[in-house]
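Student: Take a look at the following structure, please.
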Amino acid sequence: MALPVYYDKDIDLGVIQSLQVGIIGYGVQGEAQALNLRDSKVKVRIGLYQGSLSVSKAKKEGFEVLGVKELVQQSDVIMALLPDELHKEVLEKEVIPFLKEGQIIGFAHGFSVHFNQVVLPKGVGAILVAPKGPGSALREEYLKNRGLYHLIAIEQESSIHNAKAVALSYAKAMGGGRMGVLETSFKEECESDLFGEQAVLCGGLEAIVRMGFETLIKAGYPEELAYFECVHEVKLVADLLHYKGVEGLRKHISNTAEFGAIKAREPMGNLLEKRMQKILKKIQNGAFAKDFLLEKSLNYPRLNTERKALKETKIEQIGEILRAPFNHKK
């Protein structure tokens, strides 16, 4: 089913320009959104905790910085641009008790709302405005008079403002209307985003890359060649996929590579499909969210162990050497 798509010509920028926006958090995404909004003539303030390392940076870039509670009390639209696992703790203590009927709270990812980490008062709007890319790309594309695709969704209507109109206007102010703003739901955005991260973009890709590298190493091939063939050249293929699609990728590789891809897909396809279905099921039934929130409550033991172990792997050690010339050029 095709999603509704909105462009600049369909959206009233004046809606968000007439409101006071408060952004909680000033990481890469928070900074990019704040800068884009300000350049689109939107009134923006930043909410941070006393002692936050981001306070000086936000002030240096010309933003008024308030405490989170104060920001909530002085804003029409509050964007919670914090890590997913912090939403419950921060919003329950510093945001929800001070919300007034008619205000709108926004999210860049549906995790905390969809998995019931956050329950909002009646009359308070809940919107999703999700740029499809990192904060660095969001800012870079805006400055080039381009934009990223954006997703919007409405979970709860505001008693004063039209939540959809606000979400669309916010997305336009960030440059989303230049590319396209697609309307979905918190559920669909959250589950598809988690699945993409786990099965393909982060988990799946990393697993294939590392297994490919280890397979060649165990078979006696030099680490440098294994790295080039299984890691380094991923960017070339990813760029072709991004700009040309699957068919375009096929047209830009050799017959040998294309035929080899088809032959390799046959034994891998069924196994991958079954594994991916299991991953999706655990996302849909809340098992992944439960595991992740438990990990957070224990202070991330598995993440910390994995991060430490990764530094000692051959793929990282040879990779650091081979990436050095690229990093030096920067």
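Glycine is no exception: its Cβ is also placed from the backbone N, Cα and C atoms.
The model shown is predicted, which means the values in this text are computed figures rather than measured ones.
What Swiss-Prot records for H109 is active site, and it gives sequence analysis as the kind of evidence. What Swiss-Prot lists as NADP(+) binding site is Y26, G27, V28, Q29, S52, S54, G135, and the listing cites sequence analysis. Per Swiss-Prot, the feature Mg(2+) 1 binding site maps to D193, E197; the stated evidence is sequence analysis. For D193, E229, E233, the entry in Swiss-Prot reads Mg(2+) 2 binding site. For S254, the entry in Swiss-Prot reads substrate binding site. Taken from Swiss-Prot, the feature domain 'KARI N-terminal Rossmann' applies to 3-184. The domain 'KARI C-terminal knotted' annotation in Swiss-Prot covers 185-329.
Explain the structural surroundings of these features, please.
Tutor: In three-state terms derived from DSSP, H109 (active site) belongs to neither a helical nor a strand segment and is classed as coil. There are 21 other CB atoms within 10 A of the CB of H109 (active site), with all protein chains counted.
Around S54 (NADP(+) binding site), the same-chain residues six or more apart in sequence whose CB sits under 8 Å from its CB are G25, Y26, G27, G30, I46, L48, listed in sequence order. In the three-state DSSP assignment, the secondary structure recorded for S54 (NADP(+) binding site) is helix.
A simple way to gauge crowding: the CB of D193 (Mg(2+) 1 binding site) has 18 other CB atoms within 10 angstroms, across all the protein chains here.
Taken residue by residue with DSSP, E233 (Mg(2+) 2 binding site) is part of neither helix nor strand, so it is coil. E233 (Mg(2+) 2 binding site) is surrounded by 11 other CB atoms, counting those within 10 A of its CB over all protein chains shown.
In this chain, none of the residues that are 6 or more apart from S254 (substrate binding site) has a CB less than 8 Å from its CB. Under DSSP, S254 (substrate binding site) is assigned to coil, being neither helix nor strand in the three-state scheme.
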Student: How many other Cβ atoms sit within 10 Å of the Cβ of G135 (NADP(+) binding site)?
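Tutor: Other Cβ atoms found within 10 Å: 20.
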Student: Sorry to bug you, but what's the C-alpha spacing from V28 (NADP(+) binding site) to H109 (active site), rounded to the closest Å?
Tutor: 15
Student: In Å, rounded, how far does the Cα of E229 (Mg(2+) 2 binding site) sit from the Cα of E197 (Mg(2+) 1 binding site)?
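Tutor: Pair distance, Cα basis, whole Å: 23 Å.
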Student: Of Q29, S52, which of the binding-site residues has the most Cβ neighbours inside 10 Å?
Tutor: Q29
Student: Would you identify the secondary structure of Y26 (NADP(+) binding site) according to DSSP, in three states?
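Tutor: Assignment for Y26 (NADP(+) binding site) reads coil.
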